[in-house]
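What Swiss-Prot annotates here:
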type	residues	note
BINDING	Asn9, Glu370	Mg(2+) binding site
BINDING	Lys16, His194, Leu195, Gly196, Asn197, Gly198, Asp268, Phe269, Arg270, Gly316, Val317, Gly318, Glu319, Asn320	ATP binding site
BINDING	Arg77	substrate binding site
ACT_SITE	Asp134	active site, proton donor/acceptor
SITE	His166	site 'Transition state stabilizer'
SITE	Arg227	site 'Transition state stabilizer'
Amino acid sequence: MSRSVLVLNSGSSSVKYAVLEPDSGVLVADGIVERIGEEGAERAVTDHAAAMQVVFDSLASDGHRLDDLGLVAVGHRVVHGGQDLYRPTVVDDATIARLKELSPLAPLHNPPAILGIEVARKALPDLPHVAVFDTAFFHDLPPAAATYAIDAEVAGSWHIRRYGFHGTSHQYVSEQAAAFLNVPLESLSQIVLHLGNGASASAILGGRPVETSMGLTPMEGLVMGTRSGDVDPGVIFYLWRTAGMSVEDIEAMLNRRSGVRGLGGEIDFRVLHQRIESGDAAAQLAYDVYIHRLRKYVGAYLATLGSVDVITFTAGVGENDAAVRRDVLSGLTAFGIELDEHLNASPARTARRISPDGAPITVLVVPTNEELAIARACAGVLGGRLGHG
């Protein structure tokens, strides 16, 4: 029997799951349980414990009994590992306690992840549970990139630094880009653009990140679906003092009512493009601001790296929106960046080159697979403890 890993991504109102074989990369099953704790859902899912049972029931209804899956571990995506949790970590009670201490750094993401881990450990007590952290890949950012220019004593006391996020995706995609090009990862200088509802950019030299757009939290950097990205901190003070908004109100606005949705009232880029075509000025502005910020980061990372071999687009928007890719890189031929219009328009779902032959900088589209990366991280940290079926 092939060994497999159950990968869980627990949010406040949803649990995404996937069962994968880390050795072969085969996806055995996947799905999502949504509207946890919400009234009026098609199937009442009162809490995360009920959601876990729905996961098991869904697997069984698809013909995948737990006993027949060859499960050897459960992998959990955790957004923030702070400074000390930066490797795939076998979860024990001490790990849970430390994650709870870190929750103020990721108040929207870590608490539901912790809850998911606790529920899964009770449901599957005989399997090792492994936490894999979004921040891990960026743990060793150069000090100049990781440090905020604020009072050093305050920063040190409260562990304030640029942690970076989407690290599992950035690492996986950079490795896949090297494999696609059949070039050693250590020899490549790369820019990776992870463009989904959450969005981030990274500059990677020889397989190690030297810059990334997200910071202490996933709010910094690029314009995102509902998050503002970079914003003058003075805006927060102004709204607090002048508009009478509380810190909680401002945080909710910057996280949930900003970005493309805040400007254009929409996070689905397919709808956004339709509205732009019909002359919607708000949709056009939202798109223009989104593209402008992306181009700003691409330019900054060209300067940071000095020379670039590969630019790679990934995640939902990056993989599927040819117009975004075109507009981010248009007019940059002086820097060696060109797109082949036909290749860029290709709807293929596999890794592919979208720059013309001979272009100084290769541009790729590489599908991300964070679930497989987490499954393989579990296999890596557990090693011989897993055995083979």
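Each Cβ is built from the backbone N, Cα and C atoms, and glycine gets one as well.
Sequence features annotated in Swiss-Prot and their locations in the structure.
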residue : record                             : DSSP (3 states)
Asn9    : Mg(2+) binding site                : strand
Lys16   : ATP binding site                   : strand
Arg77   : substrate binding site             : strand
Asp134  : active site, proton donor/acceptor : coil
His166  : site 'Transition state stabilizer' : coil
Leu195  : ATP binding site                   : strand
Arg227  : site 'Transition state stabilizer' : coil
Glu319  : ATP binding site                   : helix
Glu370  : Mg(2+) binding site                : helix
Recorded positions (Lys16, His166, Arg270), the one with most neighbouring Cβ atoms at 10 Å:
His166
List the Cα distance (Å, whole number) between Val317 (ATP binding site) and Asp134 (active site, proton donor/acceptor).
19
Select the most exposed residue of Arg77, Arg227, where exposure means the fewest other Cβ atoms within 10 Å, treating these as the recorded positions.
Arg77
Using the alpha carbons only, what distance in Å do you get between Lys16 (ATP binding site) and Asn9 (Mg(2+) binding site) once rounded?
5
Out of His166, Asn197, Arg270, which of these recorded positions is nearest the residue listed as 'substrate binding site' by C-alpha distance?
His166
What whole-number distance in angstrom separates the two most remote CA atoms of the ATP-binding residues Lys16, His194, Leu195, Gly196, Asn197, Gly198, Asp268, Phe269, Arg270, Gly316, Val317, Gly318, Glu319, Asn320?
23
Across all protein chains in the structure, which of the recorded positions Asp134, Asp268, Glu319, Glu370 has the highest Cβ count within 10 Å?
Asp134
